[in-house]
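Got these off Swiss-Prot a minute ago, pasting:
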- 70, 73-74, 78, 80-83, 98-106, 110: 5-phospho-alpha-D-ribose 1-diphosphate binding site (BINDING)
- 70, 101: anthranilate 1 binding site (BINDING)
- 82, 216: Mg(2+) 1 binding site (BINDING)
- 156: anthranilate 2 binding site (BINDING)
- 215, 216: Mg(2+) 2 binding site (BINDING)
């Protein structure tokens with residue numbers, strides 16, 4: 001590759017891959033070339049736009065949907081912070097379409113922990129839309145909505161290393177959600193990932209990387225953060241300690257397997273105190289700011305805490321788990 005690919009060229013290459021017309025060797029070579037050169041906003045936007053052409057859309061979704069996610073790859077093996085934050089945000093009235101998969105770089109991905117919590121993860125498009133209508137939150141399992149990505153599975157497995165493909169998942173929410181919180185594994189990715197989200201039609205977003213390496217807003221360290229709001233981008237140094245949150249220590253936010261992480265989420269949603277609660281409230285506050293529900297970080301933290309302490313978040317998780325197993329043609333979730 002003598003020069004960086006343009007957005008159109010990256011999109012064309014991705015279409016060849018998604019159609020199953022590229023060999024495993026070609027897919028691996030392409031992924032490595034883009035990754036080694038450094039995935040640019042042009043590369044990522046082109047690849048994500050092309051991948052979305054092959055996705056199964058979510059009916060009746062609407063553009064006011066929120067997704068909360070991290071790209072993974074920070075190597076810290078924390079519990080599922082963005083998943084917990086999504087539940088709290090939904091309990092505050094934000095419509096959430098959580099796009100995710102099983103674990104790629106830790107012991108437990110969003111799909112794994114939700115499955116452990118009783119949520120059915122493999123809903124089809126109509127079922128996912130019905131669940132969203134009933135509860136205000138739904139899960140979009142990447143293999144169901146992006147079947148064409150199966151062509152990349154073999155080469156990615158053989159490479160055994162993170163590549164540009166690992167950055168695409170958070171960019172390719174099949175609901176068209178225009179509200180995003182997105183954590184990335186390096187500071188250098190914050191600006192390009194924000195630019196890509198804007199090119200893909202996202203109207204409001206917070207994209208961040210914490211100084212301790214976390215692809216979430218961490219309570220252990222400040223974060224480099226870019227806010228996208230209706231076409232304007234502003235850069236901040238965000239320190240949670242300035243908003244009254246205690247500094248967490250290494251290990252305070254550690255996760256484990258799906259059973260361990262599910263227990264952490266249930267404990268937080270039940271009102272348990274400590275570092276896990278603080279980091280969930282922080283990331284939920286970010287989601288509430290993006291959604292326009294909270295005008296300030298303090299408001300976001302207060303609303304998130306109220307949803308947890310008043311039982312709304314735990315109650316929503318129970319309703320979500322129940323609704324996810326109902327037929328799409330049922331008008332209401334049976335009592």
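Glycine too: its Cβ is placed from the backbone N, Cα and C atoms.
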What is the nearest of the binding-site residues 78, 101, 156 to residue 215 (Mg(2+) 2 binding site), using the Cα of each?
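The smallest Cα gap between residue 215 (Mg(2+) 2 binding site) and any of the binding-site residues is with 78.
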Counting all other Cβ atoms within 10 Å across every protein chain shown, which of the binding-site residues 99, 102, 156 scores highest?
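Answer by Cβ density within 10 Å: 99.
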Please identify, among the binding-site residues 101, 156, 216, the one with the smallest Cα-Cα distance to residue 70 (5-phospho-alpha-D-ribose 1-diphosphate binding site).
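Closest by Cα: 216.
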For the binding-site residues listed here (78, 82, 101), which one has the lowest count of neighbouring CB atoms within 10 Å of its own CB?
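It is 101 that, of the binding-site residues 78, 82, 101, has the fewest other Cβ atoms within 10 Å.
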With residue 78 (5-phospho-alpha-D-ribose 1-diphosphate binding site) as the reference Cα, tell me which of the binding-site residues 101, 156, 216 is the closest one.
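For residue 78 (5-phospho-alpha-D-ribose 1-diphosphate binding site), the closest Cα among 101, 156, 216 is found at 216.
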Using Cα coordinates, what distance in whole Å links residue 99 (5-phospho-alpha-D-ribose 1-diphosphate binding site) and residue 216 (Mg(2+) 1 binding site)?
16
